[in-house]
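Pulled from TrEMBL:
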TRANSMEM  A:12-33  transmembrane segment
TRANSMEM  A:45-63  transmembrane segment
TRANSMEM  A:75-100  transmembrane segment
DOMAIN    A:75-281  domain 'ABC transmembrane type-1'
TRANSMEM  A:112-132  transmembrane segment
TRANSMEM  A:144-166  transmembrane segment
TRANSMEM  A:186-212  transmembrane segment
TRANSMEM  A:262-281  transmembrane segment
Amino acid sequence: MVYEKSARSKIFDIVLLVVLISISITCILPLWYTLSLSLSSKSAAAAGAVALWPVGFNLNSYVQLLQEGQFFKSFWISIQRVVLGVALNFIVVPLMAYPLSKTTKDFKMRNVFMWSVLFTMLFNGGLIPLYLTIKNLGLMNSIWALVLVGGAQTIVFNIILTMNFFRNLPSVLEEAALVDGAGPWYILYKLYIPLSVPVLATVTLFSIVYHWNEFLYGLIFMTREEFYPLQTYIQQLTVAVDPSSMTEDQYKRMSELSNRTLDAAKLFIAMLPVLAVYPFLQRFFIHGITLGSVKE
Amino acid sequence: MVNKGFAKHYYLMMLPGLIWLFMFSVLPMFGIVIAFQDYNPVQGMLGSKFVGLDTFEYMFSLNDTASIFFNTIFIAVMKIVGNLIIPLIFALMLNELRHMFIKRSIQTIVYLPHFLSWVILGGILLDIFSYQGPVNQLLSAFGFDPVLFFGRADLFPFLVVGSDIWKEFGFNTIIYLAALTGINTALYEAAAIDGASRQRMLWHITLPGIRTTVILLAVLGLGNVLNAGFDQIFNLYNPLVYSTGDIIDTWVYRAGLLNMQYELATAVGLLKSVAGFILISLSYFLAYRFTNYRIF
């Protein structure tokens, strides 16, 4: 590309760089602040002395966290949920995406299934019928309620992404395999899945993040705190008061009473898994999303 | 060419996913009948008496209904507009950047908040904007009185919209950046030879080049007019801001699951589902007509 090299253009570049870096700093500053707060002393946090660096550095809030049994119970439930959810997503999504990526010539019922599956994404019964269904199925306080309900709502989007990716694979590959006598299962597992790493990584990342972050189903399907996944557990810390009536003073006092360093430590630990998987998968998802969803 | 015997394998492949979707997406849809019943939890959906449209009449007689619909649309529309424009500006700025390493690093950082849950970000924001948090510390350093940000009904919708844009702008940039890389670089080279400045290139090459993408995203945004963001508002609100911050989804949660008004909450939820379904179908149809976009 050819660029003009005037002084004005150079100043523009520098201003641009400063603006962009400032904007990106605002995206990590709150996370950094939370870390600093969790490492500060309680009194410094209460006095509002913590800004960018921990004041009165100590690990007390993390020690306190280690003693809190429920935090780790919830952490463990979230881990189980993510593992089960991702595994099911990984099995079901390619299995559905492959037949749906066929044309009606090869798979007559393709459009009927496609529209039915899409309908479940566009329309739902609402919160109350969902709650009553889970209750009638006897899945209250079961981890399967979390895995299956959340999964059913996210697989359709993942199926569409994967299906679009499959459709963009060169059809001569499949034809060659057919000539060699391969069946549909062989083609899916030995040909399509190995070629679809970017989209499958994207879908896996979405599934991990979804199951890790979801809190509402934990709140409504689990009647006892010991079954709460981590996000639900953390969410409940902030709304421990009766929500039906509150005055401004009560609200103010509530926010002052909270143990800010301990809460910050919980929030920080809760975001660690996402921070950990994100750098490894992010190079895939940009590729996966744009290939699967935007078509010229 | 394709073996006709493959169809039975295709059905078999789709079976697990179809059962999953039926149990957890389709089955709850039958629960919609509650909206037309005088629901009695003991007798269940099959035993309760049908009352026709009584619940809907009651719903429209409530003052709450108008305000929750207004709040929902007001917040959602501001979010749609903000999430369309801010990422566009950001993508254009990023596109002008010439250092690939810095560009990649900025991208990696600004995508990050998208992957964190509103439970975590809500906790962080509530602390940062709390009475003794850093924002108020900063304000008092400049001699202003502290503000109870998330306790103020007049500020709440704007804080919600602002924090949503902050969380999502990086991620929303992806589609724009993909469109920007799709512009033929020969156009810029030709313009540079003709002596065009960078502003001219922006106006005459870059913006027309991504016009379809902008239109597409705007049209698709239409489908979200009733989705103001349950997770976010649920984690940020409190009784002080119900008047301006209560949206359909949060209201359904409180009325249905906390106050056990099953029929009313189901009726409101149903109205939202139906209207949402029509809006999304319409937006997909318009997107197809104007930009040839297809979801599959």
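Sequential numbering from 1, following the chain as shown.
Glycine is treated like the rest: Cβ placed from N, Cα and C.
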List, by number or range, the same-chain residues at least 6 past the transmembrane segment (A:144-166) whose CB is under 8 A from its CB atoms? 81, 84-85, 88-89, 92-94, 96-98, 100-101, 117-118, 120-121, 124, 130, 134, 192, 196, 198-200, 202-203, 206-207, 210-211, 214, 217-218, 221-222, 229, 288-289, 291-293, 295
Give residue numbers and ranges for long-range contacts of the transmembrane segment (A:75-100): same chain, 6 or more residues beyond its ends, CB-CB under 8 A. 107, 110, 113-114, 117, 143, 146-148, 150-151, 154-155, 158-159, 162-163, 165-166, 184, 188, 192-193, 196, 200, 203-204, 207-208, 210-212, 227-231, 269, 273
I need to check the long-range neighbours of the transmembrane segment (A:12-33): which residues 6 or more away from its ends have a CB within less than 8 Å of a CB in the stretch? 50-52, 268, 271
